[in-house]
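The structure appears right after this line, and notes come after that.
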């Protein structure tokens, strides 16, 4: 047979090649049978394929990467499962069976003292007291403040009494609210951890609600503010009852309480603006109230800038008890707080104006009171506050020059607190004499402790290990050690082994110069002069004024627990505000240590504008 060869030649198909597949298969089978099989091959043929697979399955386990003996494999798997079940059972028992947890460590002495220090503000409340006020011997008082004054005729009920009397001085009261707000802004987590956040915020609101009553807080422009309610001057003679002429419980006061207004009082207006601005940050989550505080602060700061003058003219009641030496420091202090509350650069420009710093005394390095932070001199606090801005936001030009100056001056103030630099004397017991041996030293001591502790936290948060005093470098722990040493002195580590916080420790003043604490709460009304027998008695106060920081010892560490000597035993609102701030800064609680870096900047816009988005992709 021929076919076509695709390559061009004939194709012959052989008959042999045409044999079928069956023929080939039979030939193969015959060939295989003709060969001799050995014994192994014969055993394979006798045991079928099923038997061979069975024997292998019983003896070995193929895991892919290795072959194991089946018995070893089963023992291994069983052991692992058994151990796992045992561990799970034990863990279930541990979780289900009740067990005693170790108690949390007791609060440190700063936390214990802080709980008490806040209670002093409860005892100083004026007006209708809340049911949960917690001071059993206090009640509603001075419910006609403002309304009984024919020149004002508006309610000035509320606020806080200043000290052992019943006068409401707006100047130190506003500073006290600023200090409390500042401490909450920086250490909110600590307040929350010790269960005092709601309490301190309630106290701040009690103060700011009253301050909002003392001027037209709904207006953008004002022409007057209330400076104080009540009178304390007794130097003019006569028998006119007032808050110092009489010794009465606030609940029993029945004499007139005049209201003092001012029309050019830059210092008071700027301090009140600072108080409302700082509180607006504390209450930023309550937008309506925060906005109300900001609006009031704007009106006050504007009024203070336009109507220049001190709130305490010579001979006035304010000048006798809380005289203001200048209003320039309040412009810097208030301007800084207004900037943080609003983010408006105009306020920052005022606070950092070179002329403002000069007038405020920023360059009076030889002044004996340089670096002493008080209700009168706010400059040291403002310098620390604006150093914070430089450390964390660094706004640059045109503010950098003054911010750097304030930062360097803050370093110098911290150096002045250290004993080796002899800027201030220390008593033999270790108390710094910031008021140079004059009476009532503790209010200055606690303020310095707060600034030192706070500034050390600022440096830590900025990853700065310390600061320089000339060529000498000091770590932040040096500042904390100073702050702790001063608070420890206040709380009892002093030559007399006496705590100067009433109700704290085993030994504390029993005769605080305080009308409400010294007169029994027995339902008997003692008139203007009737209460003096309680003032003169040598017996301890029948009512314990929990948390009150008394005026303090003398320059020789001596102290007289005498009710009639206010230079030793009278507490004040401003002193306790500084004490609270210092205590919370050093309180050791199990939360993230240090300050809240960002909350104070919540209203501040980005320092540098956000770059515009990139252009869209080019399309042909």
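In case you wondered, yes, glycine gets a Cβ from its N, Cα and C as well.
As recorded in TrEMBL:
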type	residues	note
REGION	1-26	region 'Disordered'
TRANSMEM	72-94	transmembrane segment
DOMAIN	110-583	domain 'Glycoside hydrolase family 9'
ACT_SITE	513	active site
ACT_SITE	561	active site
ACT_SITE	570	active site
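Put simply, residue 513 (active site) is 5 Å from residue 570 (active site) when counted between their Cα atoms. Taking all protein chains in view, 26 other C-beta atoms sit within 10 angstroms of the C-beta of residue 513 (active site). Counting only same-chain residues at least 6 apart in sequence, those with a Cβ under 8 Å from the Cβ of residue 561 (active site) are 509, 510, 511, 568, 569.
Per-residue pLDDT, averaged across the domain 'Glycoside hydrolase family 9' (110-583), gives 96.
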